[in-house]
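Feature list, courtesy of TrEMBL:
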DOMAIN    69-223  domain 'Yip1'
TRANSMEM  84-105  transmembrane segment
TRANSMEM  117-145  transmembrane segment
TRANSMEM  151-174  transmembrane segment
TRANSMEM  181-203  transmembrane segment
TRANSMEM  209-231  transmembrane segment
Amino acid sequence: MQNFGSNDDLDEKGHVMTEQPKIKVKFEPKPKPSACPICTVEYYQKFFDIEQRDVYMRVRCSLLSWKPEFQQCVAKNPDLWGPLWISTTIIFILFAGGNLSRFLLEEDKKHFQYEYNYMYVAVFLVYAMAFVIPIILGVIMKYILKSELGVFDIVCMYGYSLSVYIFVLILCIIPYNEAQWFFLMSGLANSTIFLLVNLWDFIKKSKPALMIAIPIIVFNVALILCFKFYFFRLIYAVDD
């Protein structure tokens, strides 16, 4: 028996359909590229596409400051997630640790009051050090001094250079002046050496490039002085 097709294969006039109806596909036009890609959210997505183990590996490289391995660890894939996480953690430690240090020194603990200004100052100070200053230095190095490193390479490096202060500031809660200075100076040495070692191939090229080392050192020294004299300043009220 010849199969003339099922009812589903009949057209509107009852004839057997030998061909399936063609489906018209409507193609949406591609969005036009933005005139300012750096102003779009999509531009920054690649800087947050990173595995947790990669962040830990980069933190490890930053703590081993004398080894110029950070650029190999990053492998031309800088991220902003690590610097954002590190700087936000430091802000929390400054607020909580600074108040805890004051609490340990307070004789009348029942009337102790938190210093909420620590939060505002910490946000301004740490985010400026982690993002604003390296962006300025990165622009100078990239577009004036013709560095091979991009602006976000410098921001990534600067952000990870602050990771040592996570441990340093926790230790600074200990209410002893000499111990705090020792921890802060150790953090300063680690952070500064890390930056200079990993930028040395660029710094040694010329005198103008060598001048970049000056603001790096100055800003790092200014940072620990702010840590000491603002967040842990009341240590001087204690007699040894």
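Cβ coordinates come from backbone N, Cα and C, glycine included.
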Same chain only, please: residues at least 6 beyond the ends of the transmembrane segment (209-231) with a C-beta under 8 Å from a C-beta of the stretch. Say none if there are none.
94, 97-98, 101, 118, 121-122, 125, 129, 133, 137, 140-141, 145, 147, 165, 169, 172, 180-181, 184-185, 187-188, 191-192, 195-196, 199, 202-203
Counting only pairs 6 or more apart in sequence, are there at least 3 Cβ pairs under 8 Å between the transmembrane segment (84-105) and the transmembrane segment (181-203)?
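Between the transmembrane segment (84-105) and the transmembrane segment (181-203), contact is absent.
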Over the domain 'Yip1' (69-223), what is the model's average pLDDT?
91
